[in-house]
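Novice: Okay, here's the structure, questions in a sec.
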Amino acid sequence: MDSETHRKSKSDLVLSNPKPCILSVGSGKHYVCGYFAAFTNIAVTFPIQKVLFRQQLYGVRTRDAIRQLQKDGIRNLYRGILPPLMQKTTTLALMFGLYEDLSTFLLRHTNSPEIVTRSVAAVLAGTTEALLAPFERVQTLLQDYKHHDRFRNTFYAFKVLQPYGIREYYRGLVPILLRNGPSNALFFGFRSPIKQSLPEAKSYHANLINDFICGGLLGAMLGFLFFPINVVKARMQSQIGGDFMSFGKVLMIIWTERDGKLTHLFRGAHLNYHRSILSWGIINATYELLLKLL
């Protein structure tokens, strides 16, 4: 069969089966697996995340952040968990699901190298996740002890922000966009190479451990790399009302407050590093496990 005949046959096959390729992924199991991987992670790591948040927002040491939580009491330990549960479960469902769907779509309809196509799919998935930024915004307000007396719960916080307009819900959107797209591209780009570099898994449990290590290493690396962006995000989202300052201006304010020292800007990064190992290890291992079960 010559090349022209081959092309015609391929074209006829596509025309005879006009089903949209996004739908060809079909089951949506990547969305389901991402959702429950996020749920498991949040339930386990939320108290650690709360300590980290206090360090990002106030630049305090780990022991001081822990003392703040002890002073708040056990009743407030899981205060603010509903927004991340709603946001993270949905964003990770979108992260994994849209990445797979968009990769399939772009690979079938573009001639770009696979690594470029998959990177674009990852960035687009991360950008879509940013639509859920209001949940991250409310989580910031609920975790900040300065707002404990003002916000009773998640729904009340959403209600209080309403008079300020829709823009207030998306305060801090720029750092979220700067973080989501690139981190997604790096995560999906390095996930397979890192796992392949690990010792070959010869059992079910060994494979689960490899998935945990792979996710944990990637999460720790990306968490450290994008840590300053999250510091700026926390500061921007802790404000209610007033001017919307640019990312650069907020960064310079924080830099000045912390004596112009990079080490002070990275306060909490070591805890974030360990939390990310645990968090993304759980996410990746749970996701891959559920993917095999469904």
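Backbone N, Cα and C atoms are what each Cβ position is placed from, and that goes for glycine too.
Keep in mind that this is a model prediction, so the values were computed, not measured.
Per TrEMBL, the feature repeat 'Solcar' maps to 25-105, 113-197, 206-293. Annotation comment: TrEMBL describes 208-229 as transmembrane segment.
Describe each of these features in terms of where it is and what it packs against.
Specialist: Secondary structure counts, DSSP: the repeat 'Solcar' (25-105) has 68 helix, 0 strand, 13 coil.
Mean pLDDT of the predicted structure over the repeat 'Solcar' (206-293): 92.
Remote same-chain residues near the transmembrane segment (208-229) are listed as 175, 178-179, 182-183, 186-187, 190-191, 194-195, 198-199, 201, 251, 265-266, 268-269, 272-285, 287-289 (criterion: CB distance under 8 Å, separation of at least six residues from the stretch ends).
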